[in-house]
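Notes follow once the structure below has been shown.
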Amino acid sequence: MAMEWITAMDKRPCDRNLRDVELISCRLRRVEPLCRLPSSALQQLAMCGFYEDLEKGVTLFRAGEQGRFWYAVLGGSLEVRYHATDTDGKSPVTLCNLGVGATFGESILHDLPRDSTVVTKTTCELLRVEQQDFRLIWEKNKELMNDIINSCKLKNGFGPSVSATNTSPTKRPLSPDHPNPALPITESPSPAMNRMGWALRTLLVADNSSCLKDRKVSGKLIRKCAPGTEFVDWLVNLSPIVHTRAQAAGMWQALLEEGILSHVNKEQPFKDKCFLYRFRVDEDGTAGTPSTEDINAANEQIRESLSALFQRGPDATLRMILRKPSHERTTEELELVFEELLHIAALSHLSTSIKRELSSIIVFESHAQAGTILFSQGDEGRSWYIILKGSVDVVIHGKGTVATLKSGDDFGKLALINDAPRAATIVLKENNCHLLRVDKEHFNRILRDVEANTLRLQEHGKDVLVLERVAKQRGQHSAFKYTVMSGTPAKMLEHLLETRLGNQVGGVDPFLDDFLLTHIVFMPVVQLVDELANYFHCDVSDGAQTPEEREYIMNFKKRVIQFMQKWVMAVRHAAFDEPSVCDFIEDLAAEVEADPELHEETSIIHNILTQMSRYQDDRNQNTGQKWKLPPNGQPICLFSGNMTPSKTVIRPDDDIIFRVYCADHTYCTLRFPLHTTAEIIKACAADKLQLNRGPEDLCLVEIKSNGERSVFKDNDVSIPTGLSLNGRLFVSTKDHLDALTPLPEQEGATEAPEVDVEIFSTKELAYYITIFDWDLFWAVHEYELLYHTFGRHHFGKITANLDVFLRRFNELQYWIVTEIVVTPSISKRVALLRKFIKLAAYCKEYQNLNAFFAVVMGLSNMAVSRLQQTWDKIPSKFRKLYQEFEALIDPSRNHRAYRVFVGKLQPPLIPFMPLLLKDMTFAHEGNKTSLDGLVNFEKMHMMAQTMRTLRFCRSRSLGLEPPSPKSEGDVRPYISCLRVIDNQRVLTAMSQKIEPTRKL
């Protein structure tokens, strides 16, 4: 039999018959791992492979040679050698030995030169396959062949670690399409993770009833292992901060990815299933039985360890998903990846549909060693990379290192787009670099799909509108198949009137609403009104019209009227604040009255007129509304002295009274409308304070309680409402800015009623805080988010209502800290902590999430969290509740815990406003407003999505039942004027005074 297959193998491939192929296939089937290939692949190898019988010491190929063959070892062994540079005088280094079943030479797939030398160590039998034949077999059996090659590498020691003996930069080996998520991503665990793993294992071993036991699997004894389900059960029961099994699984995965924990067969990432896992120290036999001291130390350390592990869990879960092949990622996992991609700056220019496609094919890749060469100048471009963690050097022959790329940067795209060789060598600058990778075939496919689904409308040879085909959902009867990606403002408006109004059937495309919410960024109101007027009066200069032309014109007129209705509904009073809009509405009303063909639109235009009339009457009644910014840092109030009344909107022409100081702390009192610019305030204050300097030598500046300075631009508006809690306005010459100091009163607390918070029930406090906050939140217009993000000076608009609401957040946060650190009695501090934890719970119950965050962040402030003696006296149920709240405000993964929670709520609710502003800022800074002269409407869509959150939260009125109406007269004044110190240095000093740091 042996002679028969050798005889068959000795024949030239073209001379082999079916009997020969069968004999050779049978021989190959006895070789692990080739036996895993399907019969068709083995037959292909048998038909095209050559047999080689070589003596000891034969060099198959040398490093640097161009590869022509792929090999599989059928008998004997070979040595893989690495040759250092010719000038270093060192002999070749043996990287590893290849035995029966090993495969090598796959660099021929990419036309890469050999990166090592292979020499026979004994007499060898090899199967040799030519490049062209191997490529065909590879393409038909890509996944299996990839698995075989990579398992051979692991078995024989290939990988990043084989070059550890070499001091020169190492070339990254051919990596698999998807790294095995069951294997660690680091060469060795970090000290911090080692400590966490040690604490968990110590407590598990010490727990006699724990899941960690010796188990017999397939006749083999596995020491101290446990199923993933039992690991999860134990962790959920151990700590109150772990709320779900998914969170626990993520924490165990964080240990697994650093090699502290592993699947017993190294085949599975951590799963909440009956797969067996064990700690590395039990696997290598280096662990002993923990002593009493060890158990005590672990108990002391476990809270901190679990908190840190809890933070790492979500990222570890995401990395595990990104190491899976596309077909193994679940719908929930794809959504998780997609949400993460939304916040990667390097992808911000891509459309939502592209990011969704990337979520299924993008791969996580990690490299343990600094100095590893990711790819070399001149190599074929095979992947595009994004740096998640670490940094890389960009090296060009003859120039050296020309740039260093850091977290958030991307590289490698140009070679893929141009189908050109790499223009530079990329060398990892740090250990443990984390990258995202998009391979060429997927990159090219996505680009092809994008171009195929993109429709470009041109005028005079230039793009004026770019549309993307959208896939219809089942049962959806939308009148449009394309969504707007970018365009000129005028063309987008025309497209909107033609496709989103009239008798068009509604769909899920939010283009109209996005346009109405964001047009002020790219199409000022006056320009929009002019364009609408042109469409409405398009028949003025026409002569005789055919019936078809007349019908078309009348339809367009109706669409303009419908547009105005949608505009007023979307932005409310902001539309009526513009004189050009009011004039146009009256013009439309007159046209409708005069033209019988527009009779159907009469009810629409009358409704708009009614709303406009009501708004103007209300505005006239409140004309000259006056506000006051008290000198002691209290919230702004009406001139009468009452705090902000229910649902009172601050308007641009409202007056505000405030003080402006100079360097010697003398001041003047000014009264100006809120839309007054910093330049005018500066000039008037300088005149009153007799600062005899020109306007160009002066500046208006805020001095905060901690001494920080913030200089205002001359065209800034809404200045007094934007000050910090204890901030003060100063006017100063530019060369004396450094001499400005805070007022002595700024370091103290703001003035407030002398009332003990303990006299109020916690539920009453939460109720009236929510009522007060709701009124402030209701007054914030969606446009103020745009003004805040792009800069008020770009629009000349105020953000006073948003400023006051944000100021309220800081006021609540620092009120919590202030009340605790001014309380010298430890028993009263304990009572306060309990009260404030309950206050957070009631705010959460009332869905006042802005106040909930403020309270919890106040309790997390360093001046409070360091009061260990106080916290130690808190009952465990309150500590557990507080830990749950901490987990909910956890900022990791872009506040994912909060986003998931708030996504399940129904209005009315008060959202965490700083996060909405962060989303707006990310959309603005991560995306260009204009692309090739066209408005980037993808950016407008992202911003409108955030702005719609405000509308959703307020879509139902607040209707809470008061817990005790009798106390309203006492509680309302208290919660509207809180005692606050906002200087962190002062707060920390006060905290140190009531509980000095213990000396060890």
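Every residue gets a Cβ built from N, Cα and C, even glycine.
Unlike curated entries, TrEMBL annotations are predicted automatically.
Annotation source TrEMBL lists domain 'Cyclic nucleotide-binding' at 33-137 (among others).
Residues annotated as region 'Disordered' in TrEMBL: 160-190.
According to TrEMBL, the domain 'DEP' annotation covers 206-281. In the predicted structure, the domain 'DEP' (206-281) carries a mean pLDDT of 88.
Taken from TrEMBL, the feature domain 'Cyclic nucleotide-binding' covers 346-447 (among others).
According to TrEMBL, the feature domain 'N-terminal Ras-GEF' maps to 480-613. Taking DSSP states H, G and I as helix and E and B as strand, the domain 'N-terminal Ras-GEF' (480-613) has 98 helix, 6 strand, 30 coil.
Residue counts for the domain 'Ras-associating' (654-736) under DSSP, split into helix (H, G, I), strand (E, B) and coil, are 20 helix, 29 strand, 34 coil. TrEMBL lists 654-736 with the feature domain 'Ras-associating'.
Positions annotated as domain 'Ras-GEF' by TrEMBL: 761-997.
By the count of Cβ pairs under 8 Å, the stretch nearest in packing to the domain 'DEP' (206-281) among 33-137, 480-613, 654-736, 761-997 is 761-997.
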